[in-house]
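According to TrEMBL, the feature compositional bias 'Polar residues' maps to 45-63, 73-90. The compositional bias 'Basic and acidic residues' feature in TrEMBL is assigned to 330-372. Annotation comment: TrEMBL describes 393-471 as domain 'UBX'. According to TrEMBL, the region 'Disordered' annotation covers 45-90, 329-372.
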Amino acid sequence: MVDVNDKLAYFQAITGLEDPDLCVEILTAHGWDLELAISAFTTTTNHTPSPENPASGTTSTVPDGSGGGGLYSVSQRGEPSHPSGPSSNAVAPPGLAWKIITLPISVISGSLGLISGAIGLGLWAAGGVLSYSLGMIGIGSGRDGESSARLVSVSAVGNEAMQFVASFERDYGTRRPNFVSEGFMDALQRSRNSFKLMFVYLHSPDHPDTPLFCERTLCSETLVAFINENFVSWGGSIRASEGFKMSNSLKASRYPFCAVVMASTNQRIVLLQQVEGPKSPEEMLAILNRVVEESAPVLVAARLDAEERRNNIRLREEQDAAYRAALEADQARENQRREEQERLEREAAEAERKRLEEEEARERAAREAAEKEAALARMRQEKALSLGVEPEKGPNVTQVVVRFPTGERKERRFDSSAKIQTLYDYVDSLGCLDVENYSLVSNFPRVVYGPEKLLLSLKEAGLHPQASLFLELNS
């Protein structure tokens, strides 16, 4: 026995329904008989109007045609137009004999539905393989994550529509209603967006009345101009999958078959008029003109409602734009104020940093100067102590006079055995110079007592018994 999950998966694959709860309800209603459930899904479920209210109309379901498995409810408004004779009142339900006669037709219809489902399953499987292959090379999902299998299904109904248009032009010429080359639901959406009714033509190639109706009525110049001006047209052959499904959903019993539908709310499609059997151009024009006149208030109201929604959206967008502009201006001013404040804070911080650096530099300079002065004072004191007591005049005593660049002169006695270095120590101990790089020089003859003569004694240097030296600053 086939598993319940397998039945559910197979039913979803055949019907294209994505909602598992809806599939379970349909299968449960048919006792989990897979063939019966699929046949019921692909054939028409008629609801006969009650005798008390014959004008209440009928409802049926329309597959969305996109391969997604969605259903649209079709509400029939008014009485269908019949090919001959005046419109009758409520018709009695068919008898048992008629049911027996039509039973083979129902079986054939269900078989065709199974074949259509099998073809759909093949397309679904091929779409899955194609999706996987494209995914392997980086071309996987479409926008909003729609899979490639979904795209294959949409392409199938569009291909059917294009084949129908090409076949119709080949058989009856290019003067025809402008049938859109897209699926039924896409055409319905197009009619909704353009605030027009939708003219539906179901083509039965094998019906004997079809050629004459197409040539004399459907392709007549007056009717073509009226349909193209007031309707979005969609046509389909009942030999094709979507055309066959629409013939079941719209309860087409005679051909040629035309209908006028209008998109409604809550996934509902209003069936405004259906025309079955051959009609003259004048009759078709009168019927369609009446439907257009009756539906004009609804279309005008829908157009006004859409314009009001667009105006509201535009007004809201303008208000949002103005709010965003004001908000951006406020943010710009706040950013400018904050940037100015940050700039002032940075400048103040930089000025404070410079002040602290300058103060630290002054303190460091003063400290270094003090340290240097203290070092010089210690050096003078140490050199003064190293000179010892000035000796008294005697044969071994040398009298030395030192003249400074300022004109000042200093005089002192030294032992003749004292070194030239002693004279430098003497000058340093006086503290009369702020420089350290100088030389002691004699004029006649000019002798510079530089570093090479520091270890000579005064007597050896020729400065005994007396010498006059001047201090020369080195560059």
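Yeah, the Cβs are placed from backbone N, Cα and C, and that goes for glycine too.
Across the domain 'UBX' (393-471), the prediction's mean pLDDT works out to 90. Note: the region 'Disordered' (329-372) comprises 44 helix, 0 strand, 0 coil (DSSP; helix = H, G, I, strand = E, B). DSSP labels the residues of the domain 'UBX' (393-471) in these numbers: 14 helix, 30 strand, 35 coil.
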